[in-house]
Amino acid sequence: MKWKLMLMAALVLPVFFETLDYTVVATAQVHIASVFNRLDLQSYIGTVYLLTSTVFLPLFASLADVWGRHWALQLSLAFFLVGSAISTGSQNMPTMLVGRGIAGIGSAGMMAVVRIIMSDSRSLDDNNWQQTMLFLLFTIGYCVGPVIGGALTTVSFRWIFAINLPACAIAMVLSFLILRGRTKGAQPAHSSLPATSTPGKGSDHETFAQKLLRIDWVGAFLFMGAGITLLLALNWGSSAGWSSARVIACFVVSGVLYIAWVAWEYVLERKQESAKTSRNPLMRTDPMISLKLFTSRDLVIAQYGMFVSGMVMIVMFYFVAIFFTIVGGLTGTAAGTQLLYFAPGLGAGSIISISLLKILRQPKPPIVLGSIIITVALGMISRGMDINSKGYVDGFLVMAGVGVGMSIGPLAIHCRFSQPESRVAVVSALGLFSRALGGTVGLAQCGAVLNAKVNSIITSMITSGSLSAADAGLLANGLTSGISSLQSIDSLPPDVQTAVKNAFQQGSRWSFISLVPWAGLSVFATLFLSNIRDTDKLEKERLRGAREEEAKREEGEKVQSETPVM
């Protein structure tokens with residue numbers, strides 16, 4: 001228990017501030033974009049961060065194996081610190097987005113390495129307890145993040161990023177003092193690399209250059225390139241049109257790069273199986289993500305469940321804030337307060353799932369139940385937005401939080417215990433990748449739906465003749481030049497303001513409706529999850545069997561000693 005408490009002390013700041021960053025910026029991104037008069041780019045503040053925090057996750061799993069858990073965490077904290085510093089001093093939107101992208105790289109490392117450290121335990125009960133602590137930190141971050149974001153925005157958005165600077169410095173010191181030498185160090189190579197490390201001692205005796213060669217840089221480049229072009233296509237599609245040349249080009253390039261990545265990983269695995277040493281150093285690396293993982297039905301289903309949970313969780317914070325800010329006319333602080341309804345649901349859901357897992361010893365029941373709750377909650381939130389009922393939306397935010405909280409922890413446990421011990425790092429990172437990818441795709445999809453619906457409704461209003469010529473002209477001008485800030489909406493005549501807000505209201509509603517099919521498929525898929533091995537039960541049986549064997553042996557020796565010698 002002492003080590004568990006020390007471990008949490010070292011990891012509390014990375015987990016808390018990684019979580020806090022999502023919620024603080026989600027509340028403030030509309031106001032940040034308005035400062036630079038680029039409200040049309042407000043979704044990129046979240047998308048760029050989620051993009052880099054998604055595509056770098058598998059790479060940090062490799063770094064954690066090659067350099068060890070502690071140094072991989074230190075590197076991620078350094079990236080997060082630099083990115084936050086750039087965002088703090090940004091004078092325009094491009095600089096802000098660069099800072100968010102670098103901070104996202106650090107976030108990827110913090111998420112991956114923290115999860116890997118906690119998943120290194122082979123005990124189901126330990127993993128269950130650690131999920132409790134993780135969700136406690138998540139819930140606290142989700143609770144205070146919106147309020148902090150709203151409050152800091154009223155002073156200056158720069159404080160949102162500046163608070164990360166001392167926190168990162170403290171976290172780096174704590175990690176060095178507590179984790180160095182106590183967590184898993186460099187792991188042995190699985191490929192045909194030259195034997196440079198002492199058996200059983202990982203790669204501690206490899207040179208820096210030899211460790212660099214163990215990283216699948218080609219696979220990482222292809223994987224990240226495919227992810228970046230895919231997200232660019234999703235973001236540009238709503239503004240430039242899905243038939244535009246650059247959108248089609250991005251989709252094509254993304255598809256080609258993903259195919260190339262699969263082919264490259266396949267070649268590396270075949271080289272690894274053949275045990276032949278290649279002369280090409282790029283071919284003597286461990287695959288970033290083993291393709292054999294995707295032959296497991298349980299892993300694929302669990303990854304899809306993580307994808308949907310991440311999609312719902314991130315969209316909640318960004319698009320509920322947009323709805324309350326633009327449609328409801330709330331301040332940043334007030335909009336952030338509304339998001340507090342989601343956080344208690346997360347905490348309650350995680351407690352329910354932990355209790356069910358402790359009793360049933362299987363993660364499947366809370367996963368399925370949580371998926372059902374998520375699907376229903378999404379539909380009801382969209383209904384609340386349609387009738388513009390704050391109380392309705394707030395109530396089902398709680399319900400959505402319960403669903404996400406019930407499913408996301410058990411999904412991580414299912415991934416961990418459905419695969420061999422040697423795949424802990426990559427499986428842990430892959431689960432986080434799926435969750436982050438879901439958030440990124442969710443933001444891009446909902447942003448596309450929102451923009452398309454707003455443009456469609458405003459165009460319909462202009463052409464219908466229901467507005468005066470002057471008001472129609474103002475709307476047409478706004479549609480052409482873009483609605484760049486909250487102030488530009490407030491400066492419109494009352495009737496035109498109402499029309500614009502109604503358009504954003506329906507756009508927000510359809511954004512949530514677009515998530516329902518994803519969630520419904522998750523309900524169906526998770527029904528086919530199989531049971532995992534109860535490692536604690538197996539360990540107890542092993543120890544009991546060993547004690548019985550020892551007792552029999554001692555009894556046999558006693559009988560022999562009591563038998564008279566003839």
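Cβ atoms here come from the backbone N, Cα and C positions, even for glycine.
According to TrEMBL, the protein has these features:
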- 1-17: signal peptide (SIGNAL)
- 7-534: domain 'Major facilitator superfamily (MFS) profile' (DOMAIN)
- 44-64: transmembrane segment (TRANSMEM)
- 71-90: transmembrane segment (TRANSMEM)
- 96-114: transmembrane segment (TRANSMEM)
- 134-153: transmembrane segment (TRANSMEM)
- 159-179: transmembrane segment (TRANSMEM)
- 217-237: transmembrane segment (TRANSMEM)
- 304-327: transmembrane segment (TRANSMEM)
- 339-360: transmembrane segment (TRANSMEM)
- 367-385: transmembrane segment (TRANSMEM)
- 391-412: transmembrane segment (TRANSMEM)
- 424-444: transmembrane segment (TRANSMEM)
- 510-532: transmembrane segment (TRANSMEM)
- 542-560: compositional bias 'Basic and acidic residues' (COMPBIAS)
- 542-566: region 'Disordered' (REGION)
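Here the transmembrane segment (391-412) touches the transmembrane segment (304-327). Their Cβ atoms form 3 or more pairs under 8 Å, with each pair 6 or more residues apart. Remote same-chain partners of the transmembrane segment (44-64), defined as residues 6 or more beyond its termini with a Cβ less than 8 Å from a stretch Cβ, comprise 21, 25-26, 29, 32-33, 71-72, 75-76, 93, 96-97, 100-105, 107-109, 111-113, 116, 214-216, 220, 223-224, 227-228, 231, 235, 286, 288-289, 314, 318, 425-426, 428-430, 432-433, 436-437, 439-440, 443-444, 447.
The transmembrane segment (304-327) makes no contact with the transmembrane segment (159-179): fewer than 3 of their CB pairs lie within 8 A, with pairs spaced 6 or more apart in sequence. With a threshold of 8 Å between CB atoms, the same-chain residues lying at least 6 positions outside the transmembrane segment (96-114) that come near it are 11, 14-15, 18, 21, 25, 32, 36, 41, 44-45, 48-57, 59-61, 63-64, 69, 72-73, 75-88, 90, 161, 164, 428-429, 432, 436. Counting Cβ pairs under 8 Å to the transmembrane segment (217-237), the top-ranked stretch among 159-179, 339-360, 367-385, 424-444, 510-532 is 424-444. Note on the transmembrane segment (159-179): residues 6-7, 9-10, 13-14, 17, 21, 24-25, 28, 32, 69-70, 73-74, 77-78, 80-81, 84-85, 87-88, 99, 103, 117, 148-149, 152-153 of its chain, located 6 or more positions outside it, place their CB under 8 angstroms from a CB of the stretch. Within the same chain, residues 302, 305, 308-309, 312, 320, 323, 327, 349, 353, 392-393, 395-397, 399-400, 402-408, 410-411, 414, 505, 508-510, 512-513, 515-516, 519-520, 522-523, 526-527, 529 sit at least 6 positions outside the transmembrane segment (367-385) and bring their C-beta atoms closer than 8 Å to a C-beta of that stretch.
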